[in-house]
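Asks: Shown below is the structure under consideration.
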């Protein structure tokens, strides 16, 4: 057998042991308290007059509101831009590097360019300023160091008061980016209120989210229809309709007449109760004899979330609702499973 590699051919006590690091609950709590103090300093010293001028400038912008920044400030600028977009406000992130290589062509004289920088001395942003000014854009610096080069080069400056970074060396941008985010998102909500954005308008910008689905989707958007419907006539024998009852995945039969008027419903629960009460007599019973003649129903233009609420309402919850028009003609069925699958 060959010998062990030199790195492993050592006495066990000489092998390097893993370094088990630890942070105490007290140390962690103190860090959170310190960050809270730094954020309070920001709130207590923010110049509301500057902030109001900034917010009104964005509100009255006739063009696109561009945001830019480098490093962590760049990530914050991008996020704030996306928040505005989600509120239906024209906004975009402009990379300082890409801007100097062609993307500045997106800027026009009706646009606003907001530059985020803690120090206000970021070289990439300072190079961008004269190029953006030549396009006629209105320039706003958002900085935390007083009397900095970027603020002096822009049309407007908003000072974000920074006591210090939470980092023990006062270097890692963790508090400065936190106040940038709080500032930008709070201004975004101020714009949302000034524009009187409704819940429905907000939802229209979030169609894939639950909020959007609740406020956009109607029953007709999520219902089963035509060949998917488990239909039968009231004179049909129960036992002859078992395949229809079980194969459509609705847990019921929809009883109709020749003109497709809804007469009632017969559920798999009704089947079990009928079998228990009638025994072999079930072979002679028709669906019409045992169906519910007064089922809960809903119209196609009702909101899908209303259908879910109606299913869950007293005296007892149900798993489906027949969908009928104003003439009581059956046009579909909406199921609880279908609503949940749709993300409601």
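Note: Cβ is positioned from N, Cα and C throughout, glycine not excepted.
As listed in TrEMBL for this protein:
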DOMAIN    54-197  domain 'SIS'
DOMAIN    223-285  domain 'CBS'
DOMAIN    291-344  domain 'CBS'
SITE      72  site 'Catalytically relevant'
SITE      124  site 'Catalytically relevant'
SITE      165  site 'Catalytically relevant'
SITE      206  site 'Catalytically relevant'
Asks: Looking only at the domain 'SIS' (54-197), what is the mean pLDDT?
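Replies: Computed over the domain 'SIS' (54-197), the mean pLDDT is 96 on the 0 to 100 scale.
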Asks: Using Cα coordinates, what distance in whole Å links residue 72 (site 'Catalytically relevant') and residue 124 (site 'Catalytically relevant')?
Replies: 14
Asks: Do you know the DSSP helix, strand and coil residue counts for the domain 'CBS' (223-285)?
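Replies: Residue counts in helix, strand and coil order: 30 helix, 17 strand, 16 coil.
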